[in-house]
Amino acid sequence: MAVKRFYKTFHPEHYDLRINVNRKNKTINGTSTITGDVFENPVLINQKFMTIDSVKVDGKNVDFDVIEKDEAIKIKTGVTGKAVIEIAYSAPLTDTMMGIYPSYYELEGKKKQIIGTQFETTFARQAFPCVDEPEAKATFSLALKWDEQDGEVALANMPEVEVDKDGYHHFEETVRMSSYLVAFAFGELQSKTTHTKDGVLIGVYATKAHKPKELDFALDIAKRAIEFYEEFYQTKYPLPQSLQLALPDFSAGAMENWGLVTYREAYLLLDPDNTSLEMKKLVATVITHELAHQWFGDLVTMKWWDNLWLNESFANMMEYLSVDGLEPDWHIWEMFQTSEASSALNRDATDGVQPIQMEINDPADIDSVFDSAIVYAKGSRMLVMVRSLLGDDALRKGLKYYFDHHKFGNATGDDLWDALSTATDLDIGKIMHSWLKQPGYPVVNAFVAEDGHLKLTQKQFFIGEGEDKGRQWQIPLNANFDAPKIMSDKEIDLGSYKVLREEAGHPLRLNVGNNSHFIVEYDKTLHDDILSDVNELDPIDKLQLLQDLRLLAEGKQISYASIVPLLVKFADSKSSLVINALYTTAAKLRQFVEPESNEEKNLKKLYDLLSKDQVARLGWEVKPGESDEDVQIRPYELSASLYAENADSIKAAHQIFTENEDNLEALNADIRPYVLINEVKNFGNAELVDKLIKEYQRTADPSYKVDLRSAVTSTKDLAAIKAIVGDFENADVVKPQDLCDWYRGLLANHYGQQAAWDWIREDWDWLDKTVGGDMEFAKFITVTAGVFHTPERLKEFKEFFEPKINVPLLSREIKMDVKVIESKVNLIEAEKDAVNDAVAKAID
């Protein structure tokens, strides 16, 4: 049943917000004065966890009711048309990382806090009464007061204009925007600023626990990104400022608040002198993602949450397009292939997965659609597909039309397709409808029929059990031979294979560039032809070959055993993209072996075979003038060599640790995680783990923290494992925002798995209370399913999670993840012997 939209009762035009935050008492007091148009009585205004002290309409007190289950204030205005509604309220300041909340950090041994906000999806209503729906755009004037101390500053969407005699900081009126994009923060902060060539103020803010140089990288990327987007979109950035704020506690990765973008520290700050290239790429893409939203999401906003993909999918594509423009030598589209494409293809093959666009009626269901592999990754693949069909000139022309016609308003997916269609003869809406409205993706079977004709068929691809509902897609084939641009039918006949092959002069392949969202199963004739010419393939083609074979093996359409020889063939590649694909596939072989079994010993020998020549070539130390490719290949090879228990690698890593034990943070960031992991696994005890945990608490360097966490959770020491689990609920050690990563690290560790699994089952109520209202909560289920692959764990997983299947935020995830584990259990049972035989043969 559809839930009533509050916007139908009242259209806000302007908010005057007066908010007073007291950190000591953990209270929020304020007034929300809303000017707008009354369309229905009673008027419905959102609130959550508030005490409503009074409501006035046009200066007169009126009757109201607070309806907690609807998160509503029901106001009998007695008027229609223009009205001013003034609501006085109070609310608690909580540690939930939603609404207005404190972030905690240490500086010179003292605990401190800054206050920040997180209002997406429906948490603005915890900060001030409002019509908390994307379509209810309005302007906002903010006056902010707090228990201010010397040296503290306040930030908001717009610049500060004055501090009044009562201590309220006043900010410029915003442009017309949605409530979920309002943001403010205050506390003791350091900053660095610059201006774009058009005069927009760019700033980066962080706590003083960080070294000033950690702000430099973000400042440079943010400035250049704003300039890039203004040119690409042919639409000016409409605000006077773009501030980037790192919050010590933040549930999401980052949030695109207009003019005041908030981030986890790990996704904004880095040491420019000692951060891996991969981490620099990651931080750059997070920043450019959020800044892409300043147009796509903020300037033009989805009309309702069922078009969330319109915000996220486009920003996800633009983060790569912009970074490629800013840093072309990074070859950032390769990262798109290894992260977004891989994530989308894996997730979208499970029966029961959501489509990109799905109907949402109840706000309780909104957070459940934030499936990053679908809304972000698959959605961005759809737009990459559109870009490859249109070309950049037509894309830019269509986007300019879109922004010109919808700026400061709301839009739907159809509005975007209509805009893009003005720049092309293609019916973009018709092509995209099949991809957005239905889940999954096709496998295209390419085969030479008995009559010698090359034929293509499409059907939905599943990993695990799946119900074939006869779905059909409009597939951009991207063929390297004479073939239709779009495959619309279930089956097509392309004519004589012999003629097509002769005309092409090379093996025939589909989805060249891996930009379309489908995989290909070639028959033996076509597959053998491709393998005969495999050395001529470029890195993306090789990645795609391994990717499709891996997925077909996961779907039991081919055997994993048949892929093992190809891993050996690609082992000497000088492409980090190919090496990534190689070890992504090799990692899947681990599920077929029992820990410490003879089969695992053989698998470790295979890893040694795959990595030893590369380790010998690259060594452990980064060489002056080394190529970016070699810098990025080294971590894969060192990790593989350590898994293989290569004695020389273990010795080399131990020596590096010993020589740098007094300053581990200064270790080269490209090798640091592997040095630390090796030490913990092969030479460490509970004492070392305790030392590294203290180091984790001490440092403010986000990437170093990640390395320390990876090392600590890899321990074999049972006493250390017990201590780690004991710290899961100690926010002074493990912040709630980082808890899922700690849990996943220990769960994936054979020695720590039982302790981690026992903890989440025993302390689920605590976990629910701590992070249960957050969109990231379901990740605890996702990562558990990602690790489990045995019948015993499947049984335990179902026993624990299936009773929770009616929780809206968790329901889809639980159902899907049962299928994920079931598919692995069935695959292992069917393939285990063949895979282990293939591994034994490869090392013979």
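The backbone N, Cα and C atoms fix where each Cβ goes, and this holds for glycine too.
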(request) Among Glu86, Glu106, Glu108, Glu120, find me the residue Swiss-Prot lists at the same substrate site as Gly253, Ala254, Met255, Glu256, Asn257. (result) Glu120
(message) According to Swiss-Prot, His289, His293 bind Zn(2+); which one of Glu265, Glu312 is annotated to that same site?
(response) Glu312
(request) Report the same-chain neighbours of His293 (Zn(2+) binding site): residues 6+ apart in sequence with Cβ closer than 8 Å to its Cβ, ordered by sequence. (result) Glu256, Asn311, Ala315
(request) Work out how many Å separate Gly253 (substrate binding site) and Glu290 (active site, proton acceptor) at their Cα atoms, rounded off. (result) 10
(message) Quick check: in three-state DSSP terms, what is Met255 (substrate binding site)?
(response) strand
(request) Enumerate the residues of the same chain, Glu120, Gly253, Ala254, Met255, Glu256, Asn257 excluded, that satisfy the criterion Cβ within 8 A of the mean position of the Cβ atoms of the recorded substrate site; list them in sequence order. (result) Gln118, Ala252, Val261, Thr262, Tyr263, Glu290, His293
(request) Give me the Cα-Cα distance between Tyr376 (site 'Transition state stabilizer') and Glu290 (active site, proton acceptor), rounded to a whole Å. (result) 13
(request) Round to the nearest Å and give the CA-to-CA distance linking Asn257 (substrate binding site) with Glu290 (active site, proton acceptor). (result) 8
(request) Within 10 Å of Ala254 (substrate binding site) by C-alpha distance: pick out those among the recorded positions His289, Glu290, Glu312, and say none if nothing qualifies. (result) His289, Glu290
(request) Take the Cβ of Glu120 (substrate binding site) and count every other Cβ within 10 Å, whichever protein chain it belongs to. (result) 24
(request) Name the one residue among His289, Glu290, Glu312 whose Cα is closest in three-dimensional space to that of Met255 (substrate binding site); these are the recorded positions. (result) Glu290
(request) Give the helix, strand or coil assignment DSSP yields for His289 (Zn(2+) binding site). (result) helix
